[in-house]
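*Asks:* Pulled the feature table from TrEMBL, pasting it below:
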- Gly149, Thr150, Gly151, Cys152, Gly153, Asp172, Phe201, Asn219: S-adenosyl-L-methionine binding site (BINDING)
- Asn219, Pro220, Pro221, Tyr222: substrate binding site (BINDING)
- 8-78: domain 'Release factor glutamine methyltransferase N-terminal' (DOMAIN)
- 144-219: domain 'Methyltransferase' (DOMAIN)
Amino acid sequence: MSELTLKEVLNSSVRYLAEAGISTPRQDAEILISHVLGLSRVDLYLNFHWTLTPQEHQAVEELIRERGQRYPLQYLTGEVAFGGLILRIEPGVFIPRPETELLVECAVGVLGSSEFRSSIVRANSSCPFPVMNAGRRTGSGSPVVLDVGTGCGAIALSVAREVKDCLVYALDISAQAIDLARFNAQKLGLQERITFLVGDFVQITPAELRGKVDLVASNPPYIKKSDIARLEPEVRDYEAAAIDGGKDGLAYFRRLLPFAQQFLAPGGQLLLEIGEGQVQEILHLAEQTSFELVGIHQDLGGIDRIIQLRKKSHCLNQR
Ligand SMILES: C[S@@+](CC[C@H](N)C(=O)[O-])C[C@H]1O[C@@H](n2cnc3c(N)ncnc32)[C@H](O)[C@@H]1O
């Protein structure tokens, strides 16, 4: 393998990725080359005339080739930026998307609001059983959050980091996802406030949490099964299991809304990420399950992306 400068390797990688149909060829090439060389992307440009060793050149070529075959970028580097966090990610676990940061913003806003906080204290005072968390008895006043379908832990970890006193339950049907989420929590020093549970959310959520949860957050599988074949190869070939929302994309919501109705405290909130065009159907389901609408939040593309619902608070004594 002949010796080439960083600039030459970058330029040929960008050309290769562009020809392979990658929509962000320069960005992807920079990220992969930085990853191999252990440099920041800015440093690449400061060291354009460096010569790569044959081993470095070969490592870059392998990653660029795989990316050209539409293998997801984040699986190649093993990490993903989400909010202010860098999370470990691996094939088999859904890669968090920027839209979901909006859900986290909403969750942090709800949990930080003094109006919401005072309703928690009021409700807790009538609760005879303190909520259990990983074998510890928690004092009243700490908000309890469920992240249903946590994946690598993006929502659970972001909320736990921003809201210092909350207790989070992170659930996923995939044992691999939960192992990864637990790894990410340990890396960030957040494992003490997060309980990880593997299995179907309806079956594994501890019964003692019924009526005591303050916030349920979920970015569920919501893509119609028949639409998956039309998605970009990166998503279609590597993430189908995590996004399959059944025949009409609503299968998961049909189970999640009644579940949240049971587990939320009166006045507690449900934050759901939804797909484009699903808002009316979800509102219909919300009406059927006696939720009231708090708000609909749009993503940067102007698409209705997050639905914020509240469990009606006519029965505070349920908690
Ligand atoms: C679209 S991914 C979202 C992952 C993560 N919340 C995020 O935003 O990056 C949906 C997740 O739900 C999980 N899931 C699917 N069905 C589930 C079920 N019945 N119970 C618990 N988790 C489930 C999948 O394994 C997957 O990790």
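We number each residue from 1, going along the chain as drawn.
The backbone N, Cα and C atoms fix where each Cβ goes, glycine too.
Just so you know, TrEMBL annotations never went through curation; they're auto-generated.
Describe the structural context of each listed feature in the structure shown, including burial, neighbouring residues and relevant distances.
*Replies:* Every protein chain considered, the tally of other Cβ atoms within 10 Å of the Cβ of Thr150 (S-adenosyl-L-methionine binding site) stands at 33.
Contacts of Pro220 (substrate binding site) defined by a Cβ separation under 8 A and a same-chain sequence distance of 6+ are given as Val148, Gly149, Gly245, Tyr252, Phe253, Leu256, Leu272, Glu273, in order along the sequence. The DSSP secondary structure for Pro220 (substrate binding site) is coil.
Residues belonging to the domain 'Release factor glutamine methyltransferase N-terminal' (8-78) score a mean pLDDT of 96 in the model.
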*Asks:* Which one of these binding-site residues has the most other Cβ atoms within 10 Å of its own Cβ: Gly153, Pro221?
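*Replies:* Max Cβ neighbours within 10 Å, all protein chains included: Gly153.
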*Asks:* In whole Å, could you give the widest CA to CA gap in the S-adenosyl-L-methionine site formed by Gly149, Thr150, Gly151, Cys152, Gly153, Asp172, Phe201, Asn219?
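*Replies:* This binding site's residues have a maximal Cα-Cα distance of 16 Å.
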*Asks:* Apart from Asn219, Pro220, Pro221, Tyr222, which residues in this chain have a Cβ no more than 8 Å from the mean position of the Cβ atoms of those residues at the substrate site?
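*Replies:* Other same-chain residues with Cβ inside the cutoff are Gly149, Ser218, Ile223, Ile243, Gly245, Tyr252, Glu273, Gly275.
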*Asks:* Name, in the order they occur in the sequence, the residues of the same chain whose CB lies under 8 A from the CB of Tyr222 (substrate binding site) and which sit 6 or more residues away.
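*Replies:* For Tyr222 (substrate binding site), the qualifying residues are Ile243, Gly245, Gly249, Leu250, Tyr252, Phe253, Glu273, Ile274, Gly275, Gln278.
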*Asks:* Measuring Cα to Cα, how far is Phe201 (S-adenosyl-L-methionine binding site) from Pro221 (substrate binding site) in Å?
*Replies:* 13
